[in-house]
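Enquirer: Quick one: the structure is below, questions incoming.
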Amino acid sequence: MNYLIVEDEPALGETLRAYLAKDGQAVLATSLAQANERVAQISPDVIILDLSMPDGDGLTWLAQWRKHLTARVIVLTANDEELTMLKGLRLADDYVVKPVSLRVLKARIAKQLPMTVQQFGAVSLNLATGQVTKNETAVVLTAAEYRLLAYFFANPNQILARDQLLAALWDTREQFVADNTLTVTIKRLREKLEDDPAHTTLIRTVRGMGYFIDG
């Protein structure tokens, strides 16, 4: 996921950039001129747009760019005037008034993303194309690894028992599947998707109970 943050307050801009960078690539533009360059450089999926920029008005900039953008645009501003909000909602996909918590902002972003793309941390899964990426880099999975990851993504933050995972992924009634098949598949997934497979942050083990994907 590529994020462009258009924000002229350095501290807030860097806070947003660091937070969103956990889910992909996040780039900060502190002026509209810089935003023009960043749009061309990274082809953003999501733009977080302040309105009061040093070199112009964010909504004027958005009106000029709107027909060229495929990105979801979320206005993030201290301006809570009704007319500005109405104009912003006509041009952008959402309008959020500062201050707002990072978790609420992330939830507002998630509401704008197509359901075909699911994301946990730096790992995303496109259900339409079957593509898996980590930090915007494609990851090649075997069929079994892909089925397992897709099942985890479909059941987020739930502890899934080993028998449940085996039954969902392999037809254990018609063919023998060794219990360590699941262990090996999870190990390989972790090697491909975790920064440090020895200290997992994505696919976690709950001793005596099973596994869950941590979103």
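Note: Cβ is positioned from N, Cα and C throughout, glycine not excepted.
Keep in mind that TrEMBL annotations are predicted by a computer and have not been checked by a curator.
As listed in TrEMBL for this protein:
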DOMAIN    2-113  domain 'Response regulatory'
MOD_RES   Asp50  4-aspartylphosphate
DNA_BIND  115-215  DNA-binding region
DOMAIN    115-215  domain 'OmpR/PhoB-type'
Enquirer: Count the other Cβ atoms sitting within 10 Å of the Cβ of Asp50 (4-aspartylphosphate), across every protein chain shown.
Expert: 24
Enquirer: Please state whether DSSP places Asp50 (4-aspartylphosphate) in a helix, a strand or coil.
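Expert: Asp50 (4-aspartylphosphate) sits in coil per DSSP, no helix or strand.
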Enquirer: Roughly where does the DNA-binding region (115-215) sit in mean pLDDT, to the nearest integer?
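Expert: Across the residues of the DNA-binding region (115-215) the model's pLDDT averages 83 on the 0 to 100 scale.
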Enquirer: Under DSSP, the domain 'Response regulatory' (2-113) has how many residues in helix, strand and coil?
Expert: 57 helix, 28 strand, 27 coil
Enquirer: Mind checking how the domain 'OmpR/PhoB-type' (115-215) divides into helix, strand and coil residues in DSSP?
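Expert: Summed by class, the stretch gives 34 helix, 23 strand, 44 coil.
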